[in-house]
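Per TrEMBL, these features apply:
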TRANSMEM  40-57  transmembrane segment
TRANSMEM  69-87  transmembrane segment
TRANSMEM  150-167  transmembrane segment
TRANSMEM  183-201  transmembrane segment
TRANSMEM  213-236  transmembrane segment
TRANSMEM  248-270  transmembrane segment
């Protein structure tokens, strides 16, 4: 069992690392900044692979209840906000900065539990949330590559994550499993992003993309779609086999190696103050 957990954890870390690096390459190096198309493609591939897995008996999907589907619809809207805003933020921010801001969603969840659900919160958890908030607040002032639009979309991204997790937790009685929820997220995202591609201008602007017919672009987009699916599957498996504390440890490890390798692979300028903010956030997540 221990060996199986380690294998699942390492698989998750590999998928996490490869997914972020591939997405960053497409968004920042190739500069494919058309989020409705890029995220629509990823969710289409994820939905198709999950549907095929269901038909082959590799995954169980039970989303026949209309009431359960309608109840989950607001969460699917937030999921679209997460991937759309995340794509726009990641295209402008360095991966360590993006992951640092991504962690602040935990502050929203902690605040909601304390203020609205009146849950007992340990002093250590409150201190951790305050450290996260303080470090994230200092980050923009010490970022030598500060991009206002990047931070704007990162803030929307983390608020959507916080709201999504709060809504997910409040619907524990819902009959939908994690796979059911993700399947509905994929279906809703494909439809909404397809309709949004024209009003946002992405559908027509993409015709001017310089790498539209290059194999590097096609290969990277295919890889991003498949890696996103495998990351989802490995995440579900990780949560089913491990305790919340063990899951958090593996996620923390995945973020650390992803941030570290991204510094070597992509051009970025990280000041000591920026690294200090990231370290403070990392320490508060332990």
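Backbone N, Cα and C define each Cβ position, glycine as well.
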> Same chain, outside the transmembrane segment (150-167) by at least 6, Cβ under 8 Å from its Cβ: which residues?
Replying inline: 74-75, 78-79, 81-82, 85-86, 88-89, 91-93, 98, 101-102, 104-109, 112, 140
> What else in the chain is close to the transmembrane segment (183-201), if you only count residues 6 or more beyond its ends and a Cβ gap under 8 Å?
Replying inline: 34, 36-37, 39-40, 43-44, 46-47, 50-51, 54, 61, 63, 69, 72-73, 75-77, 79-80, 83-84, 176
